[in-house]
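K.L.:
What TrEMBL records for 7-428 is domain 'Enolpyruvate transferase'. The phosphoenolpyruvate binding site annotation in TrEMBL covers Lys22, Gly100, Arg128, Gln176, Arg352, Arg394. The 3-phosphoshikimate binding site annotation in TrEMBL covers Lys22, Ser23, Arg27, Ser174, Gln176, Asp321, Lys348. Positions annotated as active site, proton acceptor by TrEMBL: Asp321.
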Amino acid sequence: MSEFRVKAISKLQAEFSVPGDKSMSHRAAILGGLSNGVCTVRNFLPSEDCVNTLNAMKALGAPHEVLDTLPGYGPVNLRIHGQSMKLSQPAAPIDCGNAGTGMRLLAGLLAGQDFPTELFGDASLSSRPMGRITVPLGQMGANIETRGEKPGCAPLYIHPAKLTPITYEMPMASAQVKSAVLLAGMFAEGKTTVIQPAETRDHTERMLADFRVSTRREGNAISIFGGQIPEACDFTVPGDISSAAFWLVAAAALPGSRLLIKDVGLNPTRTAILKVLSRMGAHMTEIVHSSEGEPIGNIEIHGAELTGTTLFIDEIPNLIDEIPVIAVAAALARGRTIIRNAKELRVKETDRITTVVNGLRAMGAEVDEFEDGMEITGGRPLHAATIDSCGDHRIAMAFAIAGLFASGETVIRNTECVNTSYPGFSHHLDAIRHERSQASDFSLPTQATA
Ligand code: S3P
């Protein structure tokens, strides 16, 4: 079992880029495989989650060639051979690993096929709710059995079905649910509409537009007409702002620091973390250098004495994955930070309300836990602790950042999981920990280490 050992730093001066965006890499694998030709995908995230989705598409008849690999991790540049919406029955059940996005999007894709499939995942994924997708897909005529030990959970048995379009009002703000219904809608005759209660990340809609599949947006309703065949295109995945978030918090909370994160995705449905860190007192500039399709650019951040803030209700879906590390920033800030209306955190890779609250308390922070979030009174000095990630990549990485500000040596146990979203995190952590600042210190190594 691998671990991180982290001590406090006094300096952070660095410029680097983080690996490709996880959400976009899943979608590129799926839409590339559905397209009518050959698509080159660059800067694909070579993480276990995304490679599982790529392999799922291969098992469904859409092969890929690897153009470049990050040795020890996986493919970064690849060529996907699209099958013009015609998938074939896989020879075996499909492994989605740890990825909720992979499983939920693939379930939408497979709900309307004329062959059966089985999707399974690891213990964490097998305990996450799948009713949120089987309900709308069932309304479209899909026949999906959840055969997990826990009711409503994976493995999913997807029987052949012919889908009809629906209008579905989502009870929760979830991009995965929205995307599952839109992907299913591509195989239903007519107009399928999803109404979201709040804005969620819109990568599916943007990428569908890149593939010349038209969707219509009216207020919070997004519609798609079935029967369109995605046109093959090339796609470069920007860096993942959710991975950049760890370093942004480290720099924000350290007065005198300067960090430049390059070529990162700046989609406005993902950048609420920047607004929150600015409200907390960090000095930041965002420079968008390409705004066609997915905005991409650089973020420069300078550290300051942070102060607490309240997360707005409509920001929550926009920064849900960043809340563990925002909680760390809150513990380092003066005053109170209020994170409520975030019950969704309880059904992520772990119950992230409990894992964050327990971890912060173990390091000496003052935290109150609520069913839908937490309140953190920051400013108490953090001390080292041994934290178990519980197999959750974002918990492992968030507490590694906390360790950079704690007295003593913080040990994070069970850190292999970071490879599900951030291959090379430990290498970047090493460079930051040793206060290195040369660009070469941040180029990813050729061996996977967690
Ligand atoms: C994702 C959507 C989010 C996020 C997840 C990735 C996606 O979940 O937490 O890591 O790629 O669609 P929701 O479905 O709760 O929005």
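Cβ coordinates come from backbone N, Cα and C, glycine included.
Heads up, TrEMBL stuff is auto-annotated, nobody curated it.
Describe the structural context of these features.
P.N.:
Across the domain 'Enolpyruvate transferase' (7-428), mean pLDDT in this model comes to 97.
Taking a C-beta cut-off of under 8 Å and a sequence gap of six or more, Gln176 (phosphoenolpyruvate binding site) has these contacts in its own chain: Gly100, Thr101, Arg104, Leu105, Arg132, Ile133.
Taking all protein chains in view, 24 other C-beta atoms sit within 10 angstroms of the C-beta of Ser174 (3-phosphoshikimate binding site).
A sphere of 10 angstroms centred on the C-beta of Asp321 (3-phosphoshikimate binding site) encloses 24 other C-beta atoms. In the three-state DSSP reading, Asp321 (3-phosphoshikimate binding site) counts as helix.
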K.L.:
May I ask which of the binding-site residues Ser23, Arg27, Arg128, Arg394 have a CB within less than 6 Å of any atom of ligand 1, listed in sequence order?
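P.N.:
Only Ser23 qualify.
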K.L.:
By a 10 A CB contact count over all chains shown, which of the binding-site residues listed here is most packed: Lys22, Lys348, Arg394?
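P.N.:
Neighbour-count leader: Arg394.
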K.L.:
State the Cα to Cα distance, in Å, between Arg27 (3-phosphoshikimate binding site) and Arg394 (phosphoenolpyruvate binding site), rounded to an integer.
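P.N.:
About 21 Å separates the two Cα atoms.
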K.L.:
Return only the integer: C-alpha distance in Å from Ser174 (3-phosphoshikimate binding site) to Lys22 (phosphoenolpyruvate binding site).
P.N.:
16
K.L.:
Using a 10 Å cut-off on Cβ-Cβ distances across all protein chains shown, tell me which of the binding-site residues (Arg128, Arg352) has the largest neighbour count.
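P.N.:
Max Cβ neighbours within 10 Å, all protein chains included: Arg352.
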K.L.:
Hey, of Ser23, Asp321, Lys348, which of those binding-site residues are within 10 Å of Arg128 (phosphoenolpyruvate binding site), Cα to Cα?
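P.N.:
Checking Cα-Cα distances against Arg128 (phosphoenolpyruvate binding site), the binding-site residues within 10 Å turn out to be Lys348.
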K.L.:
Around Ser23 (3-phosphoshikimate binding site), how many other CB atoms lie within 10 A of its CB?
P.N.:
26
